[in-house]
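As structure tokens, the structure follows; a few thoughts come after it.
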Amino acid sequence: MSVPVTVSRHRFGRGALITLLLLAPPLLWLGVVYLGSLLGLLQYGFYSIDDFTAQVVQQFTWATFASLFSTPSNLDVIIRTLLMSVAVTLACAVIAFPIARYVALLRGRSKAVWVVLVTLPLWASYLVRVYAWRLILAQEGVLSWVLAKLHLTSLLDAALSLPVLGGPSLSSSYLGMFLVFVYVWLPYMILPIQAALERVPASLVQASADLGARPFQTFWRVIFPLSLPGVAAGSIFTFSLTLGDYIIPGVVGAPGYFIGQMVYTQQGTAGNLPLAAAFSVVPIVIVMLYLALARRLGAFDAL
Amino acid sequence: MTSRPSPGLTLAAWLGAAFLHIPLLLIILYAFTSEDRTYTFPPPGLTLRWFGVAFARTDMWDALWLSVRVACLATLLALLLGSLAAAAMSRSHFRGKDAFSLLITLPIALPGIVTGIALLTTIKRVGLEPGTLTIILGHATFCIVTVYNNVVARLRRISPSQIEASSDLGARPLQTFRYVLLPHLATALLAGGLLSFALSFDEVIVTTFTAGSQQTLPIWMFGELFKPRDRPVTNVVAILVMLVTLLPILLTQRLSSGGDYMHGGGKSS
């Protein structure tokens, strides 16, 4: 990778040299180790697997990528994962918004407390939080107990009998998986929205009220549009994290595979590295498109 | 904004906070349950037994110790590379600056599984044996951005005139760095370092690919989730993990109570 360094003030002067020296180690690391690995992975996507010997055939072919879309079960995996990612992102945005707005309105000590309240779960270990939901969703677990106490068991049964979302129990249904995803990524959505809301000038809100807008109008026409960069920033996390996760669909949920699980099994037990590579290119492409879109919405200023 | 939160908003926020915290409280409760086969709620009885059982498990201590070593070394690497990157970015314009900032963000923007399998492919290609070293390399890759975000935010707030004043007064570059720049950056470096430690300590997805037969604490926990030897032991360890990751975070919070701590700390896997 070439390093084109031109410093505006003194071309090829000491400044450029220093910038180059500073830049070289991280650039080498990320450019060679990380980007190199990604490209190496991409290369595998263009290989195929010999059906008889189960060996990787190192010969260029589009067949592996094509099989993502031509094999219905592979396409199902992609669509299922995408739909879940979109649903989780939307739900996170809806739940995060009031919390973010509330924290943004607070001042002083209570604000500090709430910031900790919101960030704490984020750092209480991902696996621990997923595991907690195993306790909650289990058939004899907390949620069934609470619903039984509230005489709402029939509501749970109704939800579980829904065609695609339901299943034998919450811990083995898409509904349960959805709940866990929303829970685990929620703080990633709250923090950027809160940051964006804090940058909404108070004068704008006042002006809107002075001009006779009712609170809801002010919210919808002023506050909400200005919070969109935050929503976009948060959605990068919720979307991308759901897209690649293989642990939550493994611990909680219905039998249908997700992209992450597919990548994991194909490179591991199935020993089909080319297909695993092809599958992992799907989230790369989607995230890249998403980043480009989010950049337009100003998400990077809200990160 | 000067307006006060409405009752509806307050209620929604409290419900949200309850949603975020009740599962964590349940974990703590289940560490004391006397029932070790199922997840029966409420627990039929409470006991301290599992703490003893957990602390007697040598495999758990080995995993914990490996996680601590890995997190320390990955953090050191990330501190070095992240602050170099931040220093380069804060300097005047150079071609490819946007591409470079995208490159730094990529390891957290892309799903962990992509980073994991990509690194594994390279490790195999280069002929490295997956193990402690490769775990550290993997973790450092996505920890760079945490340090970078913190340091770059701080550098933006340091006025260039301070640096100029220092050199005008005759300080050599190293002196300026030691006496002007470093004191300014200290808390940002500490915050970035602590976040990166917590991130590495908790990481499971990238690690499953780069660990070989080594077990970090999250990998150990993941194994316990599917084949538990003593189910409540997982809860005890979960509390331990929470403490190890939470303490640095709370410390960070205290250190930089300006509200600008944790830049882009987001990312779990």
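In case you wondered, yes, glycine gets a Cβ from its N, Cα and C as well.
These numbers come from a predicted model, not from an experiment.
What TrEMBL records for this protein:
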type	residues	note
DOMAIN	A:78-294	domain 'ABC transmembrane type-1'
TRANSMEM	A:12-35	transmembrane segment
TRANSMEM	A:77-100	transmembrane segment
TRANSMEM	A:112-136	transmembrane segment
TRANSMEM	A:174-197	transmembrane segment
TRANSMEM	A:217-239	transmembrane segment
TRANSMEM	A:246-264	transmembrane segment
TRANSMEM	A:276-293	transmembrane segment
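When the stretches A:12-35, A:217-239, A:276-293 are ranked by Cβ pairs under 8 Å to the transmembrane segment (A:174-197), first place goes to A:217-239. Looking at A:12-35, A:77-100, A:112-136, A:217-239, the range that has the most CB pairs within less than 8 A of the transmembrane segment (A:276-293) turns out to be A:217-239.
Count of Cβ pairs under 8 Å against the transmembrane segment (A:217-239): among A:12-35, A:77-100, A:112-136, the largest is for A:77-100.
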